[in-house]
Amino acid sequence: MAVFAIQRLYIGGAYVDATSGETFDTLDPATGETLASVQQASAADVERAVQSAREGQREWAALTAMQRSRVLRRAVEILRERNDELAALETRDTGKPIAETLAVDIATGADVIEYYAGLATAIEGQQIPLRPTSFVYTRREPLGVCAGIGAWNYPIQIACWKSAPALAAGNAMIFKPSEITPLSALKLAEIYTEAGVPAGVFNVVQGDGRVGAMLAAHPDIEKISFTGGVETGKKVMSLAGASSLKEVTMELGGKSPLLVFDDADLERAADIAMSANFFSSGQVCTNGTRVFVQRGVLERFEALVLERVKRIRVGAPTNAATNFGPLASAAQLQKVLGYIESGKQEGARLMAGGKRLTEGHFGNGQYVEPTVFTGCHDDMRIVREEIFGPVMSILVFDDEDEAIARANRTAYGLAAGVVTGNLARAHRVIHRLEAGICWINTWGESPAEMPVGGYKQSGVGRENGLTTLEHYTRIKSVQVELGPYQPVF
């Protein structure tokens, strides 16, 4: 028997039944328990969501920016009031430790809504003088109906990140969460309605990739914001372009390099490498999974990492002491185990972990040990391909130019980091690394003020920061002539 009642769609400010007749189950990855049966949206349901969003968006856009800002700030207050309740739900659905969801997932989502609520009144046009009798002014107008497609690793945070700038700019959003972690987006929809967002302005349609494809191809949707894998992102982008040339934001995968130089504080470097590989059980798109270490400090760095791996507390996500939970699904577990086996076969030296955990209460969950390979080479699969799990690959380098060249030798370009005691080197190296999100002597923080997104095949566009708001508006240019009109004929 499921823990929660059947999960329906959220359209027009209320729960509604899907018309497809199909459902799918969402499972607790720590126990294998069925959390809920979820209704799959049909094409008719997507159409209903679009029409509802069009109606709601007109009402929402007609409000003043200050009025929209107040509503969004109220949503932030409710999110923070319900932080613990939402964190518990997110932990059950994702398998993340409760200590993590309490501190990060809802809080960082609320921060982004608060940030854009503050910017809603700052959406301004320009006035451009042409001559004494004529000028141009520009207006930034909302796009209309936007769609967001979320990933399974940060369900409510991603829903907040995508909806906040859209709503602040006067748009409506139809959001499709991942079918692996579909629960918390519905709670966000409830909160938006309670805060005063008009019906239809934030709709949630559940389902698999078929639903995402319907959203990407719908001619009345003006923008798609997608978070997920590169290959799926390419398909979404293709559908978006072929249907109506809609604008896209793509936050895709990565195989990010972390460069540790021989002048680094190695204790700090080891701490950074641990966070960059094992936070959220390695299921973070920006993870620094290619750890390049300068030869002279390799042995010491390996010892420090091994010491820290032994301190990881793998356990039930609901236990406050746990800091490493299961992977999000059985499919992801099998994928990660396959990469671990590949690493062994290709000659990497297994320094820690490498096995599925099956004893006791671990047996029903999707647990894999935190895994560290060393002696890795650039052509190994575990070094080339995104694993999206707790697998660190340590590589050795000799000089700065070599490290930069090898770090950039990838189709990805999401994130990169440098650990060094030389500030000049830090900036010099960062400026040559081909990545959209970079850190110096730290890793992983993505505050609301910071634009995040990738180079190369890691994405298109940015989320968060000032510039993102511009991409949820379009510019209308208006010329005004105050003097006589000069006839042409």
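Here the Cβ of each residue, glycine as well, is placed from N, Cα and C on the backbone.
Binding of K(+) 1 is attributed by Swiss-Prot to Asp93, Ile180, and the same site annotation extends, among Thr23, Thr26, Thr249, to Thr26. Of the listed candidates (Gly196, Gly200, Gly253, Gly365), Swiss-Prot assigns Gly253 to the same NAD(+) site as Gly150, Ala151, Trp152, Lys176, Pro177, Ser178, Glu179, Gly229, Val230, Glu231, Thr232, Cys285, Glu386. Taking all protein chains in view, 18 other C-beta atoms sit within 10 angstroms of the C-beta of Glu247 (site 'Seems to be a necessary countercharge to the potassium cations'). Rounded to a whole number, the distance between the Cα atoms of Cys285 (active site, nucleophile) and Ile180 (K(+) 1 binding site) is 16 Å. For Glu463 (active site, charge relay system), the same-chain residues 6+ apart in sequence whose C-beta sits under 8 angstroms from its C-beta are Trp161, Lys162, Pro165, Ser225, Thr249, Glu251, Pro451, Val452, Gly453. Look at the binding-site residues Val230, Leu245 and count other Cβ atoms within 10 Å of each Cβ; Leu245 has the fewest.
Highest local Cβ density among the recorded positions Lys162, Lys456 belongs to Lys162, counted as other Cβ atoms within 10 Å over all protein chains shown. Apart from Thr26, Asp93, Ile180, the residues listed for K(+) 1, the same chain places the Cβ atoms of Leu27, Pro29, Leu35, Thr94, Trp152, Pro155, Ser178, Glu179, Thr181, Pro182, Leu183, Ala328, Ser329 within 8 Å of the centroid of those Cβ atoms.
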